[in-house]
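Features reported for this protein in Swiss-Prot:
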DOMAIN    15-222  domain 'Glutamine amidotransferase type-1'
ACT_SITE  C93  active site, nucleophile
ACT_SITE  H203  active site
ACT_SITE  E205  active site
Amino acid sequence: MTAAVPAGATGRAKKVVVFDYGFGNVRSAERALARAGADVEITRDYDKAMNADGLLVPGVGAFAACMEGLKAARGDWIVDRRLSGGRPVMGICVGMQILFSRGIEHDVEAEGLDEWPGTVGPLEADVVPHMGWNTVEAPADSQLFAGLDADARFYFVHSYAVHEWTQESHNPLIAEPRVTWSTHGKPFVAAVENGALWATQFHPEKSGDAGAQLLTNWIETL
């Protein structure tokens, strides 16, 4: 599968900033986004992060450490400001986890960005970490997984996850977030599409053709 080159009506490649706050596979993300047709830059520069068509927030390591690094780089403020203006943001792996209310790792609790209610906790499975390829169950109307077969597999490497989704708008004028699930022992949230904010627990940049199509789908919405 070859990813199409997304561009606006003018043919300009979409500008995507991979936010460099010290906790993420920034080079892998840069290469994957470039292959998907984006004009990519790795930076923590405030103006560039704010003005890009899309902002990608990667994340590896401990929840609390990632939050500290993000705050030190003013990334928490940048994410909030972009979302307040309807500007697209995508989180990957721990970059998704920190979008929730809090994380608990080794009995250490840390506050997240609280864009979504929920707690990141240990995987409830016989084998931890969850490392390798797995399928997902995406909503039928998912934009993120558009064009992908139901048996498409994505690459995961994590020991913590969100096992319950509790956000409900109760407002018929507001679209409910699209939540995608995967299972390792117990079902967990594998991806979320919520207006301008999308995120995946797995690594699309390491997920071969399926990951390339997913990133293309995101870029085409920018």
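Yeah, the Cβs are placed from backbone N, Cα and C, and that goes for glycine too.
Since this is a predicted model, take the numbers as computed values, not measurements.
Structure with Swiss-Prot features highlighted.
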residue : record                   : Cβ neighbours (10 Å)
C93     : active site, nucleophile : 27
H203    : active site              : 21
E205    : active site              : 28
Pairwise Cα distance for E205 (active site)/C93 (active site, nucleophile) [Å, integer]: 11
Cα separation, H203 (active site) to the residue listed as 'active site, nucleophile' (Å, whole number): 6
Assigned conformation of C93 (active site, nucleophile) - DSSP reduced to three states: coil
